[in-house]
Amino acid sequence: MKVIIAKSYEEMSRLAAEEIAKVVNEKPNAVIGLATGGTPVGMYKELIDMYKEKKVDFSQVTSVNLDEYVGLSGDHNQSYRYFMNSNFFDHVNIRKDHTFVPNGLAKDINAEGAEYDKKIEALGGIDVQLVGIGSNGHIGFNEPGEELDLGTHLTNLTESTIEANARFFASKDEVPTQAVTMGLGGIMKAKKILLIANGAEKAEAINKVINGKITTQIPASMVQMHRDVVVVIDEAAASKLENLK
Ligand code: F6R
């Protein structure tokens with residue numbers, strides 16, 4: 001695991017964008033796994049700037065997103081499809097028909113989740129998977145629990161995730177209580193994992209991911225078993241690190 005501590009959110013965003021651009025520059029038709037939330041907004045801005053400066057080209061890239069809220073259509077302004085279009089896809093030359101986000105309106109979420117995983121395999125797998133982390137240690141929407149799922153599946157969001165995400169909605173009551181998320185198997189099959197985090201509220205979870213035991217109670221701790229992980233965090237998120245492995 002390679003851990004990079006950035007001086008600021010801006011530096012974290014730039015370094016993360018450079019990691020993604022490197023994969024795309026080495027393999028122009030790369031499959032990039034993407035995430036949403038507050039953390040990657042700056043990284044997407046950097047990638048848009050790099051695209052405008054002709055430092056990266058997304059014309060042959062395919063993207064697959066980690067997750068989507070259940071019950072929100074792609075044009076709902078809090079859906080993750082909407083987030084991806086407005087924060088990234090609309091500003092670069094990726095083909096929209098090469099961008100995939102799980103369908104939060106599917107009748108049978110688990111069946112469509114299995115199709116999503118097959119599609120990723122048919123694409124040749126994910127070259128780099130970006131993941132954020134919840135302060136409770138979730139990645140994607142794989143919440144802490146007794147068991148973790150391998151494939152893309154329906155999941156219930158925990159109270160702490162609903163509370164954390166309420167900041168994006170008019171009120172907490174509007175936050176969907178369920179999501180469809182790639183499972184740990186899908187994330188771990190990616191050839192490379194890029195984990196990003198900023199802010200003191202992520203510091204404890206980050207320390208557990210880097211220095212703790214592997215446990216389903218901190219789903220992100222599983223990435224310790226992956227052979228190519230880059231963690232890019234700002235100083236606040238690094239503030240509780242006991243050791244650097
Ligand atoms: C989003 C996702 C989530 C977020 C996590 C952190 O696609 O999969 O795991 O990465 O909840 O969210 P932020 O970045 O808003 O703190």
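Using the three backbone atoms N, Cα and C, a Cβ is placed for every residue, glycine included.
What you are looking at is a predicted structure, and each value in this text was computed from that prediction instead of being measured.
Sequence-distant neighbours of Asp67 (active site, proton acceptor): residues of the same chain at least 6 apart with a C-beta under 8 Å from its C-beta are Ala35, Thr36, Tyr80, Pro102, Gly140, Phe141, Ala179, Val180, Thr181, Met182. The active site, proton acceptor annotation in TrEMBL covers Asp67 (among others).
Annotated active site, for ring-opening step per TrEMBL: Asn136 (among others), in sequence order. Residues near Asn136 (active site, for ring-opening step) in space but far in sequence (CB under 8 A, at least 6 apart, same chain), listed by position: Glu143, Pro144, Thr158, Ser160, Thr161, Ala205.
Of all Cβ atoms in the protein chains displayed, 26 besides its own lie within 10 Å of the Cβ of His138 (active site, proton acceptor). Annotation comment: TrEMBL describes His138 (among others) as active site, proton acceptor.
Annotation comment: TrEMBL describes Glu143 (among others) as active site, for ring-opening step. Under the DSSP three-state reduction, Glu143 (active site, for ring-opening step) is assigned to coil, being neither helix nor strand.
What TrEMBL records for 10-228 is domain 'Glucosamine/galactosamine-6-phosphate isomerase'.
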Entries of Asp67, Asn136, Glu143 (active-site residues) sitting next to ligand 1, with Cβ under 6 Å as the cut-off:
Asp67
In DSSP terms, helix, strand or coil for Asp67 (active site, proton acceptor)?
strand
Measure the Cβ-based neighbour count of Glu143 (active site, for ring-opening step), defined as the other Cβ atoms within 10 Å of its Cβ.
22
